[in-house]
Amino acid sequence: MDRLELIKRNVQEIVTEEELKAILETKEHPKAYVGYEPSGKIHMGHVLTVNKLLDLQNAGFEITVLLADVHAYLNQKGTLEEVRETADYNKRCFIALGLDAEKTNFVYGSDYQLSSEYMLNVLKLTQLTSLNRARRSMDEVGRQMEDPKVSQMVYPIMQAVDIALLGVDIAVGGIDQRKIHMLAREGLPSLGYKAPLCIHTPILLGLDGNKMSSSNENYISVDDSEQDIKKKMKKAFCPAGEAENNPVLELFKYHICPRYEEVVFERPEKFGGNLSCRGYDELETVFVSGELHPMDLKNGATKYMNQILETVRSVI
Ligand SMILES: N[C@@H](Cc1ccc(O)cc1)C(=O)O
């Protein structure tokens with residue numbers, strides 16, 4: 001796979017592809033980052049952006065991971081001390097998932113976001129941003145936004161300033177980060193910084209076919225046991241022959257197939273014997289044709305997710 005193909009795989013949007021091509025031509029080691037609000041549960045949604053960072057690392061990018069403790073605090077996720085501790089756990093998870101501990105630049109928000117240079121930029125950008133826009137940019141990111149706090153209006157402004165002061169060329173994130181990234185693209189040039197490129201990954205469905213939510217734990221997280229995964233997969237929504245809105249197929253598309261050249265579904269002879277697929281497209285075709293039963297797909301997902309998470313569990 002060439003560099004551009006690797007960067008584009010499983011991505012929902014690149015803003016803009018022309019800019020990406022230009023940067024690939026001029027820089028051998030462009031810089032990209034993702035920021036994460038520290039979370040007690042690192043789930044397959046987080047892992048999707050980690051996978052993209054791995055692709056970028058393999059494409060020669062320099063990677064920064066922002067452990068956004070101050071952002072989590074501003075977004076009502078706990079005290080600064082609590083979120084900082086969770087950030088340490090998250091760093092261990094990300095390394096276990098394959099990010100090179102030596103080559104990846106892990107940064108805590110609180111280590112630089114309280115400096116006067118940073119704060120002055122934040123204040124300048126607050127002065128250029130309407131309250132309405134700041135609020136809208138938090139639509140898919142903010143907690144309890146029926147009664148937003150002022151801290152949650154500062155949040156997107158700080159995220160924009162992060163991009164400038166971390167000195168990255170590319171901001172990576174789920175498509176839910178889009179409005180904040182657009183604010184950064186528009187606002188940063190007025191502060192004398194360049195507009196960042198953005199790479200947005202899709203947002204995964206929950207295993208029940210609804211939005212992922214911690215209240216009904218409808219997702220796989222990296223600390224799930226083999227038993228947890230079995231149970232969750234058994235209950236998972238997996239409509240026969242359907243490729244759209246199928247969370248089990250999504251696991252193959254975004255997590256399993258990128259890690260395995262070939263996947264094998266083990267079936268007794270009377271159900272057609274073992275079936276193997278090379279690459280996600282082939283698997284989707286086979287599933288849509290009805291040749292592969294949802295039960296077999298789920299069993300396969302259980303096997304591979306366990307293999308992937310085995311190594312992670314053993315080190316976190
Ligand atoms: N907004 C991100 C977290 C984040 C914070 C600061 C950043 O600079 C980048 C990302 C989230 O929803 O989890």
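Cβ atoms are placed via backbone N, Cα and C, with glycine included.
A helical conformation is recorded for Y155 (L-tyrosine binding site) in the three-state DSSP classification. As annotated by TrEMBL, L-tyrosine binding site applies to Y33, Y155, Q159, D162, Q177.
Within its own chain, the motif ''HIGH' region' (38-46) is flanked in space by residues 67-69, 72, 77, 83-84, 86-87, 89-90, 93-94, 174, 203-204, 212, 214, 219-223, 251, 254-255, which lie at least six positions past its ends and keep a Cβ under 8 Å from the stretch. Per TrEMBL, the feature motif ''HIGH' region' maps to 38-46.
Sequence-distant contacts of the motif ''KMSKS' region' (211-215), counting only residues of its own chain at least 6 positions beyond either end whose CB sits under 8 Å from a CB of the stretch, comprise 41, 43, 45, 203-205. Sequence annotations record features per position, and here TrEMBL assigns motif ''KMSKS' region' to 211-215.
According to TrEMBL, the ATP binding site annotation covers S214. Under 8 Å, Cβ to Cβ, and six or more positions away along its own chain, S214 (ATP binding site) finds K41.
Less than 6 Å separates the Cβ from ligand 1 in the case of none of the binding-site residues Y33, Y155, S214.
Residue counts of the motif ''KMSKS' region' (211-215) by helix, strand and coil are 0 helix, 1 strand, 4 coil (DSSP-based). Residue counts for the motif ''HIGH' region' (38-46) under DSSP, helix first, then strand, then coil, are 3 helix, 1 strand, 5 coil. Sequence-distant contacts of Q159 (L-tyrosine binding site), defined by Cβ-Cβ distance under 8 angstroms and a gap of at least six in the same chain, are G35, A68, H71, Q177, I180, A184.
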